[in-house]
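Per Swiss-Prot, the features are as follows:
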DOMAIN    3-167  domain 'EngA-type G 1'
BINDING   9-16, 56-60, 119-122  GTP 1 binding site
DOMAIN    188-364  domain 'EngA-type G 2'
BINDING   194-201, 241-245, 306-309  GTP 2 binding site
DOMAIN    365-449  domain 'KH-like'
Amino acid sequence: MSFTIAIIGRPNVGKSTLFNRLVGQKLALVDDLPGVTRDRREGEARLGDLEFTIIDTAGLDEGAKGSLTARMQEQTEAAIAQADALFFVVDARIGLTPTDRAFADFARRANKPVLLVANKSEGKHGDAGAMEAFALGLGDPIQISAEHGEGMGELYDALAKLMPEPVEEDEDEDDAPLSEEEAATRPIRVAIVGRPNAGKSTLINHLLGEERLLTSPEAGTTRDSIAVEINWKGREFRVFDTAGLRRRSRIEEKLEKLSVADALRAVRFAEVVVLMMDTQNRFEEQDLRIADLVEREGRALVLAANKWDLMETKGGGAISGLRRDADHWLPQVKGVPIVAVSGLMGEGIDRLMQAIQDAYAVWNRRVSTSALNRWFEQAVQANPPPAVSGRRLKLNYITQTKARPPSFVLFCSRADAVPQSYLRYLTNSMREAFDLPGTPVRITLREKANPFAHKRKRPS
């Protein structure tokens, strides 16, 4: 069982900076504005030879009952209940505030080991605030600078006394080549994206069976890409809920820009992307832009038509209408899976999870060279390539170079002369022949070398 630590404290004391330092990459948004982190988020952390799970939380703050701030506090309380130990973080430059003192009592009542961390201790101004932290009665403050990496040795010494002896384990490298068996058992990385307030967090909360992610009628409740583990019928999924992707003209605040960048990183890290659309306002310009981004990044795509419970007309006719719209507006991912869901009511969840698993299998698919070239001969015979500048194009053969997504190289006589329309014909024909709906298909043109090009001409 992994040792788990929750980082707690009032807003803007540097909790997310410490989280990023321990995880080793920027998984949490960091800014000078209070309350940047809204949900609790987890990561696998390392400090020297110590390995543990770390939870970053929203800043402890007092808010009206039922307000978003109050629910942020509930998320923090849930993280404390899950943790084996706590990092209570204070700002050494500012010193103690009444909020620090109030929530120090809160931390003591948790009955968990607490390490008092005086962050932002670099320079002369940090010493006074760190000394002031003694008054909290949580032991000696550990002076660090999460931003600059100072004091990590002292934090290591204190944490090592709390943790059990580490157990040696073999670790799979995340980017190591996978066998078919490994690909079938490894957690599928899924990013759930969409416009703000499309219902992304509500859907994940229903999958988890708990309010792990904050939800609100206010657009933009989620700010970070939040990763959660889900087991569905014995299959593991790592699901990223993301900040809503808005039109660029509406991204005004600095924090909003950080959130969108975080969502884009989640798309690039994912293997399957679920684009959630409001059923009553589907295929708006921003939906199409997001789908195009997913295709360009080479990720498998699944469309989730959310709020299906609000539709007046349901059934096969409504789904067929969705399919026609999708094929019209998204020809680059023709046949993309579409699932009608209600994140609030829990309708369509099983179908969505199966669609994700199917899309992942298609994204990983390899086609044998013999089957590929049998199809290729038939496709070219049925619709030969056009003549360009009075010369017939010669298409030689095709081979698959990789999966994830399926990528192919087509050898031909003049690569720059093959029309894009003919390339689209081959792509759509291949999708139909090998059942590759919705996943990006890459066909790269390459000229076949002329074996006689470099031979000397015989003397006459």
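Each residue, glycine too, has its Cβ placed from N, Cα and C.
Comparing Trp308 (GTP 2 binding site) with Asn12 (GTP 1 binding site), their Cα atoms are 39 Å apart once rounded. Secondary structure from DSSP puts Gly194 (GTP 2 binding site) in a beta strand.
Within 10 Å of the C-beta of Gly194 (GTP 2 binding site) we count 25 further C-beta atoms, all protein chains included.
Counting neighbouring Cβ atoms within 10 Å of each of the binding-site residues (Asn12, Thr57, Ser121), the lowest count belongs to Asn12. For Gly194 (GTP 2 binding site), the nearest neighbour among the listed binding-site residues (Gly9, Asn12, Lys15, Thr57, Ser121), judged by C-alpha distance, is Thr57. According to DSSP, the secondary structure content of the domain 'KH-like' (365-449) in residues is 32 helix, 24 strand, 29 coil.
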